[in-house]
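Right, one structure below, let's go through it.
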Amino acid sequence: METVSGVKRSLISTPSDVPTINQEHGPSTDDVRSVQRRMPCFVYILTGFSALGGFLFGYDTGVVSGAMLLLKKEMNLSSLWQELLVSVTVGAAALSALAGGYLNGIFGRRICILLASFIFCAGGIILSVAPNKEVLLFGRLIVGLGLGIASMTAPVYIAEVSPPHLRGQLVTINTLFITGGQFIASVVDGVFSYLQHDGWRYMLGLSAVPAALQFFGFLLLPESPRWLLQRGETEKARLVLDQIRAGVNVEEEYESIRSSIEEETNDAGDGSVLWRMLTYAPVRRALIVGCGLQMFQQLSGINTVMYYSATILQMSGVQDDRTAIWLASATAFTNFLFTLLGVWLVERVGRRKLTLGSILGTAVSLMVLAAGFLLSAQASPPVTFHPSDPSLHNSSCNTYGFCESCMLDPGCGFCYGKNGTAVVESSCLPVDVANTESAAAGRCSNGTQESTSAFWAYNFCPTSYSWIVLMGLILYLALFAPGMGPMPWTVNSEIYPLWARSTGNACSAGVNWICNVLVSLTFLHVAQYLTYYGAFFLYSGLALLGFVFVVGCLPETKGLRLEEIESLFGRRLCTCGAGSQGVHYIRPRLELGALRYGTLEPEGRIAYISVSTKLK
Ligand SMILES: O[C@H]1[C@H](O)[C@@H](O)[C@H](O)[C@@H](O)[C@H]1O
């Protein structure tokens, strides 16, 4: 048990969807059922408009790969500039997510969402009219600033306006919008890839449309009642709560938020919020769990799959650029589809089981992916033909004996002929730096391929094991998307008490973006050092570590009111997971002078007995 302040903070009151015994202020079971029966339409509208932030997150991170194919030709971009244009957005998102915690605390969720959509709009317009690469870089930086704020604010806002029995589902809808945004971005990429001149302007600029929609929508939508109460705007808070609970008696919810804010204010120690979070054990544990989940989400390699799916598919044998782009949209669609499964499952099986099943499945499918690459590497065709052209002799490509090592060098590609299904007369040649679809010289150089009937493989080797890679990829998405995709966002939106919520979400979103940039920027280098199968075995190992972390540390939060969740972190870290396996809590309610205790039953449901025993 914590100190007295810890006990007071970890007070449990009755969740609205659990029938209660002898409760003083609670809604009757009929009230509760009627909330669940009535469709809380307004909450869905609020969720839809805030999740547009998730959509923009997905769109802006997803669209850039297709835009880059056109931009690099039109603006003659070096690989440094390409990397800069991709990573400046993610880097800016990491910084602005961290700053978003402060902004959320001061200005509230609504203003932050308005600010993010305004920034997205401005960024989209700048990108669509950019006359040169410097302005493009500036536009991508602006978009990143919006991304960071939106990524941490939308889940918090949705969690704060949702009723407990729908909260998991509604916050998961935000991730559904992220993956939806990635899918739409890939379709837009596919469509505008036919417009060789200026197609990228439409790709990058179109994001201004949903951003404007969100901006105007939020001018009319309310602030989070929890934030309003925290700022002392009690009347407004009650009005908003009435409005979003569709007229059901909100007295108990209002009281429970008010009393937990009162306790927080009384207990508030000295120092900044972050310092208080780090020095107060239950919140520190929640922060470790929140940041750990976000870290393992990224370390299990989702964005190597999302950003490089076209490349991965090419490596598995799909040769044509345009086919690869459309197959990449099939990948994004699979991610979207299985996130939908997560929305359906989250309130049925709970966050913990969903995350556990998903991360274990992710680890296994990464092994399948790695095995596919390993078999392809072992069956990699040898170099059998050394062309006499003296201009090719000085290149490092000349030193490779197999396609596998040739393909891993970004400066080289594999040029080969076919006899039936057998690879013949194969060479490793330097790539044409202006256009990686052909070799710099020789049989596979631009314009000569047709007459010589030679095939050019850049980034992949001709192999008969590509189906295993394809199967691993689909399996990966099907198992990652329902759990490890959305749960880190969903869990983070609910595990912190109100005073620490925006800072906690800012930190964990920052960790997500930082790990995102680390993994996606290092993928090609890791693949070069460890080969592709080594890289995927590495991600699989990291996912297994994540599994151990989730087993030990993630408690079940399903069905609990936000004010009750902190108590799940009352025990030592790595025993928190036991909370969902039947732990008994005894929580004296000191300020009321009455003793209440609750039993946390399997499935995270809490049964209540309120005992009117005076402590004094
Ligand atoms: O939860 C999301 C989602 O899974 C996306 O597909 C991924 O690109 C993001 O990085 C992640 O945070």
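Keep in mind that glycine also has a Cβ here, set from the backbone N, Cα and C atoms.
Because TrEMBL annotations are produced automatically, they should be read as predictions rather than curated entries.
Copied over from TrEMBL:
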COMPBIAS  11-26  compositional bias 'Polar residues'
DOMAIN    46-558  domain 'Major facilitator superfamily (MFS) profile'
REGION    1-32  region 'Disordered'
TRANSMEM  41-59  transmembrane segment
TRANSMEM  79-99  transmembrane segment
TRANSMEM  111-131  transmembrane segment
TRANSMEM  137-158  transmembrane segment
TRANSMEM  170-188  transmembrane segment
TRANSMEM  200-221  transmembrane segment
TRANSMEM  286-309  transmembrane segment
TRANSMEM  324-346  transmembrane segment
TRANSMEM  358-377  transmembrane segment
TRANSMEM  465-485  transmembrane segment
TRANSMEM  506-526  transmembrane segment
TRANSMEM  532-554  transmembrane segment
Spatial neighbours of the transmembrane segment (200-221) far in sequence, C-beta under 8 Å, 6+ residues away: 45-46, 49-50, 52-53, 55-56, 59-60, 63-64, 66-67, 70-71, 74, 110, 113-114, 117-118, 120-121, 123-125, 127-130, 139, 143, 146, 185, 188-189, 192
Touch test for the transmembrane segment (532-554) and the transmembrane segment (358-377), at least 3 Cβ pairs under 8 Å: yes
Listed stretch, out of 79-99, 286-309, 358-377, 465-485, that has the most CB pairs under 8 angstroms to the transmembrane segment (170-188): 465-485
For the transmembrane segment (465-485), distant same-chain residues with Cβ under 8 A (at least six beyond the ends): 175, 178-179, 296-297, 300, 302, 305, 309, 312-313, 315-318, 331, 334-339, 341-342, 345, 354-359, 361-362, 364-366, 368-373, 375-376, 379, 536, 546
Leading stretch by Cβ pairs under 8 Å, where the reference is the transmembrane segment (79-99) and the options are 286-309, 358-377, 506-526: 506-526
Tertiary contacts of the transmembrane segment (506-526) (same chain, 6+ residues out, Cβ under 8 Å): 83, 86-87, 90-91, 93-95, 97-102, 104, 148, 151-152, 274, 287, 290-291, 293-295, 297-299, 301, 303-304, 307-308, 410, 488, 492, 534-535, 538
Segment-level pLDDT (mean, integer) for the domain 'Major facilitator superfamily (MFS) profile' (46-558): 89
